[in-house]
Amino acid sequence: MTEPSGAHAGPRPLLSLRNINMTFGGVKALKNVSFDVLPGEVHCLAGENGSGKSTLIKIITGVYRPEPGAVIDYDGQTYAQMSPVTAQNGGIQVIWQDLALFPEMTVAENIAFQTLLGRWPRFVNYGHMREIAIRALKKLGVTLDVDLPLKDFPIAQRQIVAIARALVGEAKIVFMDEPTASLTQSETDHLLEIVRTLSTSGVAVVFVSHRLAEVLEISSRLTVLRDGALVGVYPTEGLTQSRITELMTGRTFDQHVRAKTRDANPVVLEVKNLTRPGQFEDVSFTVRKGETLGITGLLGAGRTEIALSLFGMSKPQSGEIFLDGKPVRFSSNREAIEAGVAYLSEDRLSLGLIQPQSIADNLVIASLDGIRSGGLLSDERKQRLVAQWIADLGVKIGKQTDAISTLSGGNQQRIAIAKWLATDPKLLILDAPTVGVDVGARAGIFEIVAKLAESGLAIILISDEVPEVYFNADRVLHMAGGRISGAFDPRQCTLKDIEAAVYA
Amino acid sequence: MRKIIQSHATEFALLAVILLISLFLSLATERFFTLGNAFDLLNTSSVNIIFAVGLLVVLIAGGIDISFAVAASVVQYVAALLLESIGGGGWISGLVIAAVLGVSLGAINALLIHRFKIISIVATIATFNIYFGLLMFFTRGVSIYNLPDWLTSRVILFEHEMADGSWVEITLPVLVMVVCVIATWVLITRTTTGRQLYAFGDNPEGARRFGINVGAMQFIAFGWLGLMAGIAGLIQAHYAQEVVPNALYGRELDVLAAVVLGGARLGGGKGTVLGCVLGVLMISITQNGLNLMGVSPFAFKMIIGAIILVAITLSNTSIERLLPFMREGARR
């Protein structure tokens, strides 16, 4: 067991916070938190959503003011609160999760944005901005056309622009808020490489992430927050993923392989030689009643594309799909839903749920036919249906009429699953069901998945987090480059075996 | 060159449409393709272009304004009364009065939007009604005809009789328009404040995290539109040689359509002065052409509506697909 190492005898911290308190509308977001960053170290700030990580960063960068009594020591100066200008001039830079970039402006303007700041108008020196931008990109070993608007670049390159921008202002500390959330593995590797370069050149990097593997790989120390309070500061050497999860959630998780043989059950879905050029090729597999088939692979391996074809959203060029033994050919997802296929989108926030609408309306949207009474929608039937699903899936809500956006990630995902269960499917495709769901709430989602499988649903579980499919699926397929490149039985292999295949 | 076309796809698309319409009108009518007509167009479009570049700044900053045209009417009326009370005044005092009044009315919008957190379309629909209601109530709809002489007499800066007998004229409204256009261009492309406006419109939260003064952005954007509206109001009074309380009522939608046509985005962060000017010109040219062809004025609105739809569709999609070297801009 690793013990907190609050007091360290090493170098003087570059940044040191004490007595940080923050309240939002009666809710304590931060309770007496302290936080230290040493010069040039890679430090990880971990915690579940809502644990106070982002609030803490916003206090350090001057976006929020902490309650009186706070002490912020930075680079030899003591402050009661920061302001964005002091923080930036002092070399504190943040790469926000949403990047906070300006898509319509050019790469040069985005990187050299600081030259545009200031209260009084000055003339813009575009040549100077280009020079700054090119120099900053060079530091990162990247070349981009700095005259093009940022919106022309994919997300990974925008991330690099955000990092380049942070380096312009003589950064001493760079905070990175969930920097790898939307990156593929190779892009993540490149980013981690950049982080190491920064650290060697004396810039401290504070990594905020809940992808735990990265945390262990990159940082030397770890600060854990839970419910707005400091849990402790730990050296990462010797820490395991499950230990970090325990620290973040305060609970222990007993993960075990759930896989069972379902060979006696009838086949629900059979896919033969399915091909859609450029997306997937010659894909064949079966899923039986009560079986959970895991599909893993890197982003872009064709996982989601297969799912969309099974759900009737894109047409395969060749190959066959059999549902309950009968060949099917969907020309729209409405046909797929009627045939008993349900697809939980990987992008819950923008595609899966309609955020401003109520919990009840979101839940019934795919099954409106079921709550009709004499041609009109029946409020009473709707309420009954919603109450039933909420009880079945153990969703914690206030009122049915509250907006879905008031729920936590885990509870939102339960509603999204309930929405599809209400269509009475035979086959449920779950695409990245734990994205944006806290570690603690993930276990709850998989409990539901296991229960649904036991009740006879055929389930396809798609995830790029190998442990999720390893522990929760009966069989695991590995996709790479649009093809199935391996099949695993979790009972007869280790997690490392699959990970080695995926990250090879 | 490729880069220029890429980053100004809307402007090039508009230019192409304008050329097509002009070509058609030159063949269809005798009068259209003359220098005299071209300068006529410029003279009549001046007021709308001044409005348009002002509105552009608000759109870039992520807002919208419905009230600027009736605000210009208020400015006209109040300025006329003030000028009378100070014994006539002149161009300088007239412009100063119009500018101050315009900026004040713009600042009221900014105050409502920033201080009271009312979204700009709602705030300016309210002020649109209030400004217009107050104006009609106090004037009882009575127009002012006895304006000072300096305001009503045409100021011709350059004139030349062409061989075909038509007159080429550059009048004061054109000069004022050119000054306003250049000033706006300098503001939004050459000053740090202008770039902050773009950034604020593009990503307000991002701008806020950089410590950009969000309130100042609103006051600058709506203040600038107020300034332009004040000037445009005075120039319109000069052009029409009278002040009619409801003369500019309804102008806001024509100008808004022209600015959006010119590539400005409702929602902020996007738009150029060139596109904005071309947008206004395209609508004026069409109107002028229809006039010359003897089309019933009752059909104008319908035809212009259709042209706006076609032009917007063109500039959004096909142009980029027609020219293969252009990237898909809106890849999402």
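Cβ from N, Cα, C; glycine included.
Quick caveat, the model's predicted, so the values are computed rather than measured.
Positions annotated as transmembrane segment by TrEMBL: B:12-29 (among others).
For B:41-61 (among others), the entry in TrEMBL reads transmembrane segment.
Per TrEMBL, transmembrane segment is recorded for B:92-112 (among others). Long-range contacts of the transmembrane segment (B:92-112) within its own chain (CB-CB distance under 8 A, at least 6 residues past either end) are made by residues 65, 67-68, 71-72, 74-76, 78-79, 82-83, 86, 118, 120, 123-124, 126-127, 131, 148, 150-151, 215, 218-219, 221-231, 233-234.
Look at TrEMBL and you will find B:119-138 (among others) tagged as transmembrane segment. Outside the transmembrane segment (B:119-138) by six or more residues, the chain places 58, 63-68, 70-71, 73-74, 77, 105, 108-109, 112-113, 245-246, 249, 252 with a CB less than 8 A from a CB of the stretch.
TrEMBL lists B:170-189 (among others) with the feature transmembrane segment. Tertiary neighbourhood of the transmembrane segment (B:170-189): same-chain residues 39, 42-43, 45-47, 49-50, 53-54, 56-57, 60, 154-159, 195, 197-198, 224, 228, 231, 235, 238-239, 273, 277, selected by CB-CB distance under 8 Å and a gap of 6+ residues from either end.
If you look up TrEMBL, you'll see B:210-235 (among others) marked as transmembrane segment. Within the chain carrying the transmembrane segment (B:210-235), a Cβ under 8 angstroms from the stretch's Cβ atoms is held by residues 46-47, 50-51, 53-55, 57-58, 60-61, 63, 65, 68-69, 71-76, 79, 94-95, 98-107, 109-110, 113-115, 151, 172-173, 176-177, 180, 184, 187, 193, 196-197, 199-200, 204, 248, all 6 or more beyond its ends.
Per TrEMBL, transmembrane segment is recorded for B:255-286 (among others). Within the same chain, residues 8, 10-11, 14-15, 17-18, 21-22, 25, 41, 44-45, 48-49, 51-53, 55-56, 59-64, 66, 68-69, 181, 184-185, 188-189, 198-204, 303-304, 307-308, 311-312, 315 sit at least 6 positions outside the transmembrane segment (B:255-286) and bring their C-beta atoms closer than 8 Å to a C-beta of that stretch.
Per TrEMBL, transmembrane segment is recorded for B:298-319 (among others).
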